[in-house]
Structure formats: C-alpha cells, structure tokens
Amino acid sequence: MDENSPLIRKNESNTPIEMKAVCKSSVPLIITFFLQYSLTVVSIFSVGHIGKTELAAVSLAIMTFNVTVSIFNGMATCLDTFCAQAYGAKKYHLVGLYFQKCAAMLLVMSIPIIVLWCFSGSILSLVVEEKELAYLAQRYLRVISMGSPGYIFFETGKRFLQAQGLFNAGQYCLFIVAPINVLLNYVLVWDKTIGIGFIGAPIATAISYWLMSGLLLCYVLFVDGKRCWDGLEIKKSFQGWGPMMKLALNGTAMLLSEFIAFEILTLAAARFGTASLAAQSIVSTMATLFFQVPFGVSVAVSTRMGNHIGGERIDAAQIVNKVAVLFAAILGVVDCLILVCGKSLIANSFTSDREVTRIAEKIIVILGINQLYDCANILFAGCLRGQGRQQIGSKLNLIAYYILAVPLGLTFAFVLKMELVGLWAGLGVGIFTLAVSEAYFVFSSNWDTIALDSKARNSIH
C-alpha cells in the first residue's frame, strides 16, 4: 500500500479504540440475534406439547424456512458494505437509498420463495415418509409467509441503522416483541377460548415479524436514524440493482453454503440410527447458539471497517483487521473450553438417554475444537464484507464446504466407518481450510483498490 496515496488518510485510531468500539457494538447485536432466534424456539416448544406429529411437522417447516430465509439474510449483508461505506463517506442520502434498493430487491426475491412455501408439501413428501408431516409443514409455511415482508424490512432496517452506529435499535424492538411472541403463542395455540392449535404458532411468528419492523420504523421516526432518510424513492429503488445484486448474491453464497452443508450432515446422520440423529440435533443446536456471538462481533467488525473505508481512513480499517484476529482468538478459546469442559452437562441437559449422551459428548468435543478456527472464519468473513469483497468469500466457502468438508465428512463417516464423528471431522477440515484462506486474503488486501472501489460505489448516484 502506498502511504502517500491521496486515498489514504491518516487517523488517530489505535487498537484499544477499535477494540472498545467493536465491543460496544457487538453486545446489542448478540442480544438481538439471540432474541430473534428465540422466536422459532418458542414456536417449537408451544407446538411440541400438542403431539409428536405436530412437533415433527413444525421442525420440518422451520428447517425449510431457515434454509430459504437465509437467502434474505445473505442478500441483506450487501448493506454491510454499501450502507457502512456510504455513511463513512458522509453520503447520508445514499444510506437510505441503499436500504430501499435492498428491501425492494428482497421483496421481489420473496415472490418465488413464498410460492415455493405455499406448494412445498409435494417437495417435502419426497424427504419424509409420512405425507401428513409434509402437508402440516406446508400449512405452517403458508401462514408464516404472511410475515415475510415484515422480516425483510427488519433485516434491512437493522443494517440501515447499524451503518449509522445505532446498534441498540434491534434489541430494543425485540425486548418488546419476544415476550409478546410468547404471549401470542400461548393465546393462539393453547388458550381454551380462542386457541386454534398448531396453526396458531406461525400466526404468532408472522405477527411478531410485522411488529419488529413496525417498532424499528417507530425508532427511526421518534428516536434516531432520520439523518440518512431523504424520503421514499420508489422509482430509484427498482433501478441500478447490478452492483448491489453482485454483492448480495455473493453474500448469500457465503451464508447459504455453510447452512446447507450442516443440513446435509443432518440428513446423513439419519442413516446411523435414531440415537445418532438425536445426538446430531443436540450438537447442531449448540453450534447454532455458539454461532450467534462471533457472528454478532463480525457484523460490528464489518460495519466499523466499512465506515472507515468509506471515510478513507484506511489505517483505521487495517487496525480493525487486527482487532478481528484478537476477537477470533479470544472467542475461539472461550467457546472451546466451555464446550469441551461442559460436554457432559450440555448433553445431559437435552436428554437422559445414555446412548444419545455418549455420542453427543464425543461430537461436542469436536465442535469445541472446531470453534478455534470457526470463530476466525466468521470474523474474517466480516472483514471481507466490510471491504466489499464478498466474491472472494463466496468462492472460498463453496470450495471449503463442497470440495473439502462435505466429501471428506461423508468419506470418513461411510467409508472409514467413523459415522457421526467422521461427519464432524470432515467439517472441521473444511472450516480450518476456510479460516486459513480467508486470513490470507484479508491480510494481503490491496487497500488502494478497496478505497477506489468504495469511491466508485458511492459516486454512482
């Protein structure tokens, strides 16, 4: 990097300042992710007590929902680049316009997804033997589809505010919505007067999604965030999607590749019997929970880095890279120790079945070891998003998961007879390779090119 480049501005940032900024931003993000995750957990709990058929159906529906809705989440990550860099460049009107463009893009993308949900029964019946489960899951998906616009506005709205340094808005909304969701589930599923059973759960979730986006709008109108809002620009919202779509699709590939790889492992685990499938369910749940913390930090990192790049404070952006490494190391070690040392407590908190806990404890240890480099993978992915280099991340993810992790996992499991241990060992090899590869690209960044790309991105409008 040429230190005398006109694109490179000196700054007074340092590692403690950036550590403090990322810490401060991460806490509300992590709380937001956990509270948002609780919405589907409550749905499973409320329906699970009706019967095992309903529990299986809602689990199948939520798995389908999560896989498809991760397309929205992945595409929305383009705002980690666009909005953050525009705000750093002090082009505040672009922050609002980018939000509108992304929301419009996701609403259009939601049309085929909603159609898929509404007619998913015939597809799901190919996966499960009992057709009743498939069509119950279809009923759930049809109802929850009514909340998808609310979900989209919340996901894009969060990033609109995060780019402005307003990280608390999402958690404030969910502090209100999460308990309302519990109440709605009780009233709509269990209440003897107006409860409607199984179908009440997706109604409660759909209402919650609309409440989340409505409260986020109220936050902008009455608390903070209007600085970057120049009004609704419907015509512009549907124009010039090319650059945004490119980052959005690559962001989706980064997120979806990992998600689908985990689902492949779950399907493969079913081949080893009920005990292995139950153990896989336990470990997958823990993997999802432990993902929330480093992902929250990675969003804070990508936003901070995007702000610095947009403001041409490249020295500060480089410091954020180093901060990401520190957080990756700390979180990786802490997560590993919690999982390895607490493997028995974790397994026994889910079930008292000795065979299931025995298998789960083995896999939890592997999950703990994987955390050492998965935290690095998640944090470096945040750096790449902040730099606007999702294309690199998407290619690395596809290679790591589908050329290494999944084939190796299946080989270890079925050819070497390692079963569930083999599936997770193969996954670990893929994640380790991904973390090392991302680290290389993050620390060999051409900052002049990144700064030029940012200027070009924000000079289009």
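Glycine residues also receive a Cβ, built from the backbone N, Cα and C atoms like all the rest.
Where the annotation comes from TrEMBL, it is an automatic prediction and has not been curated.
Among the features that TrEMBL reports, transmembrane segment is placed at 29-50 (among others).
Here TrEMBL flags 56-82 (among others) as transmembrane segment. Through the fold, the transmembrane segment (56-82) approaches residues 40, 43-44, 47-48, 94, 98-99, 102, 105-106, 109-110, 113, 116-117, 120, 124, 127-128, 130, 132-134, 136-138, 140-141, 144, 148, 151-152, 155-156, 159-160, 162-163, 198, 201-202, 244, 247-249, 251-256, 259-260, 263, 299, 302-303, 306, 382, 385-388, 390, 457 of its own chain, all at least 6 residues removed from its boundaries and within a Cβ separation under 8 Å.
The annotation transmembrane segment is assigned in TrEMBL to 103-127 (among others). Beyond its flanks by at least six residues, the transmembrane segment (103-127) meets 60, 64-65, 68-69, 71-72, 75-76, 133-135, 137-138, 141-142, 144-145, 148-149, 152-153, 155-157, 237-238, 241, 244-245, 248 of its own chain at Cβ-Cβ distances under 8 Å.
Residues annotated as transmembrane segment in TrEMBL: 166-188 (among others). If you look at the transmembrane segment (166-188), the same-chain residues 6 or more away from its ends with a CB under 8 A from one of its CBs are 24-25, 28-29, 31-32, 35-36, 38-39, 42-43, 46, 154, 158, 194-196, 200-201, 203-205, 207-208, 211-212, 215-216, 219-220, 223-225, 300.
Counting only same-chain residues 6+ beyond the ends of the transmembrane segment (194-223), those with a CB under 8 A from a CB of the stretch are 39-40, 42-43, 46-47, 50, 54, 57-58, 61, 136, 139-141, 143-154, 157-158, 161, 169-170, 172-174, 176-177, 180-181, 184-185, 187-188, 229. Residues or ranges marked as transmembrane segment by TrEMBL: 194-223 (among others).
The feature transmembrane segment is assigned by TrEMBL to 244-270 (among others). Distant neighbours of the transmembrane segment (244-270): 63, 66-67, 70-71, 73-78, 80-82, 98, 101-102, 105, 276-277, 279-281, 284, 287, 381, 385, 388, 390-391, 393-394, 397-398, 401-402, 405-406, 409-410, 413, 420, 423-424, 427, 430; these residues of the same chain sit at least 6 beyond its ends, with a Cβ under 8 Å from one of its Cβ atoms.
Feature annotation from TrEMBL assigns transmembrane segment to 282-302 (among others).
Residues 15, 18-19, 22, 278-279, 282, 285-286, 290, 293-294, 297-298, 301, 357, 360-361, 364-365, 367-369, 371-376, 378-380, 382-383, 442 of the same chain lie 6+ residues outside the transmembrane segment (323-351) yet bring a C-beta within less than 8 angstroms of a C-beta in it. What TrEMBL records for 323-351 (among others) is transmembrane segment.
Packing against the transmembrane segment (363-384) from elsewhere in the chain are residues 80, 254, 279-280, 282-283, 286-287, 290-291, 294-295, 297-302, 305, 320-321, 324-325, 327-329, 331-333, 335-340, 343, 346-347, 390, 392-393, 420-421, 424-425, 427-428, 431-432, 434-436, 438-439, 441-442: each is 6 or more residues past its ends and has a CB under 8 Å from a CB in it. Marked as transmembrane segment by TrEMBL: 363-384 (among others).
For 396-416 (among others), the entry in TrEMBL reads transmembrane segment.
Within its own chain, the transmembrane segment (422-443) has Cβ neighbours under 8 Å at 261, 265, 268-269, 283, 321, 324, 363, 366-367, 369-370, 373-374, 376-377, 380-381, 383-384, 387, 389, 392-393, 396-397, 399-401, 404-414, 416, counting only residues six or more beyond its boundaries. Marked as transmembrane segment by TrEMBL: 422-443 (among others).
Among residues of the same chain six or more beyond the transmembrane segment (29-50), those with a C-beta under 8 A of the stretch's C-beta atoms are 57-59, 62, 65-66, 158, 162, 167, 170-171, 174-175, 177-178, 181-182, 185-186, 189-190, 197-198, 200-202, 204-205, 208, 288-289, 292-293, 295-297, 299-300.
Sequence-distant neighbours of the transmembrane segment (396-416) (same chain, 6+ residues past either end, Cβ-Cβ under 8 Å): 253-254, 257-258, 260-261, 264-265, 268, 271-272, 422-427, 429-431, 433-434, 437-438, 441. Beyond the transmembrane segment (282-302), the same-chain residues lying 6 or more positions past its ends with a Cβ under 8 Å from any Cβ of the stretch are 21-22, 25-27, 29-30, 32-34, 37, 77, 80-81, 84, 162, 167, 262, 265-266, 320, 323-324, 327-328, 331, 335, 339, 346-347, 350-351, 356, 360, 363-364, 367, 371, 374-375, 378-379, 381-383, 385-386, 424.
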